[in-house]
Amino acid sequence: MTDFQLRFGAEVADALRSRRPVVALESTIVSHGLPRPDNLRVAREIEQAVRDAGAVPATIGMVAGELVVGLDDTQLTRLATADGVTKLSVRDLAVAAAIRADGATTVAATSAVATAAGIGVFATGGLGGVHRDAAQTFDESADLVTLARTPIAVVCAGVKSILDVGATLERLETLGVGVVGYRTHRFPGFFVTDGGFDLDWAADSPEQVADIIAARAEHGVHHGGLIVANPLPADEQLDPALHDRTLADGLATLARDGITGKAVTPFLLAHFHSATAGASLAVNVRIILRNADLAARIAVAAARQTGPAAGDARRDGLTADDARRDGLTADDARRDGLTADDARHAGQGA
């Protein structure tokens with residue numbers, strides 16, 4: 001597990017300290033995934049969806065080189081409206097911190113930071129994955145490798161349909177990342193309900209997902225995330241024929257213009273927005289709001305069982321024995337910068 005220097009928003013710090021359910025949210029959707037001015041409005045709606053379902057939202061991002069877990073509205077506005085906000089994966093965090101950059105965290109970076117902060121449930125729109133030309137370019141999202149190392153539950157609408165969905169599922173299997181459909185045995189395709197691939201496992205309720213999270217902890221699954229694939233209802237998806245036509249046109253433009261790397265996903269999302277006259281944006285917003293709601297309900301269900309869902313950790317610098325005495329999981333640590341003695345003297349430890 002990677003350690004990070006973190007600053008916590010007051011609401012999130014209080015929730016974690018009191019073991020209330022918290023849901024991590026990424027900031028890339030704010031700075032790169034949605035057009036202005038919709039991005040800031042939707043970011044606030046996502047946080048409200050988490051609150052409405054009984055949990056505390058923790059949007060993660062970097063402001064002037066500081067990793068913040070629980071951006072306040074001023075910080076959220078800054079990342080949504082400022083020019084030059086950098087898209088940050090895990091490998092970029094230290095460099096961006098050193099130059100005091102503003103940055104938005106990807107699924108990979110958000111997963112890693114959330115886990116280090118002791119947050120066990122994360123809501124996003126869609127995962128990154130294996131790109132369609134990966135056999136030639138070896139282009140694969142860092143989301144996959146990070147999720148192989150990070151014991152967090154990620155609620156998403158599958159893999160972004162602009163990617164090679166089948167190859168991505170194969171990689172997730174190889175990397176040991178669990179995949180569970182939410183009320184489905186078919187893997188969703190982000191904009192479309194059915195991504196074309198079967199799933200071995202499904203869960204029927206937030207409580208059942210919480211049971212799976214608890215069972216993973218009981219069986220010592222300390223590495224490897226759990227993807228909770230939450231499809232849109234068929235009557236809310238993007239028209240499949242329009243989707244396929246728009247995707248084909250976008251991929252052709254990528255090849256023609258030589259667009260690669262981090263620029264691919266923002267370009268294709270913007271292309272979908274333009275080519276579908278805004279229909280894809282409306283679908284994208286529905287996806288993330290539904291996922292935020294489900295993630296919050298999972299976190300609430302998990303908190304009823306054992307405290308916040310997975311990794312109640314790193315909060316107070318406690319040892320595993322300290323944690324067990326307090327009924328916490330084994331990794332309790334680092335969130336408030338306290339040693340075990342500090343925590344005990346403050347009445348927070350054993």
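Placed from the backbone N, Cα and C atoms, the Cβ positions cover glycine too.
No curator has checked TrEMBL annotations; they are predicted automatically.
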Substrate site partner of Lys87, Ser141, Ala142, Asp143 (as recorded in TrEMBL), chosen from Val68, Val107, Val121: Val107
Three-state secondary structure, which DSSP defines for Lys87 (substrate binding site): strand
Among the binding-site residues Lys87, Val107, Ser141, Ala142, which ones place their C-alpha within 10 angstroms of the C-alpha of Glu26 (active site, proton donor)? Val107
Where the record says Lys87, Val107, Ser141, Ala142, Asp143 bind substrate, what is the longest distance in Å from one Cα to another among those residues? 13
Between Glu26, Asp139, Asp143, which of the recorded positions has the fewest other CB atoms within 10 angstroms in the structure shown? Asp139
Per DSSP (three-state), Ala142 (substrate binding site) is helix
DSSP three-state assignment (helix, strand or coil) for Lys160 (active site, nucleophile): coil
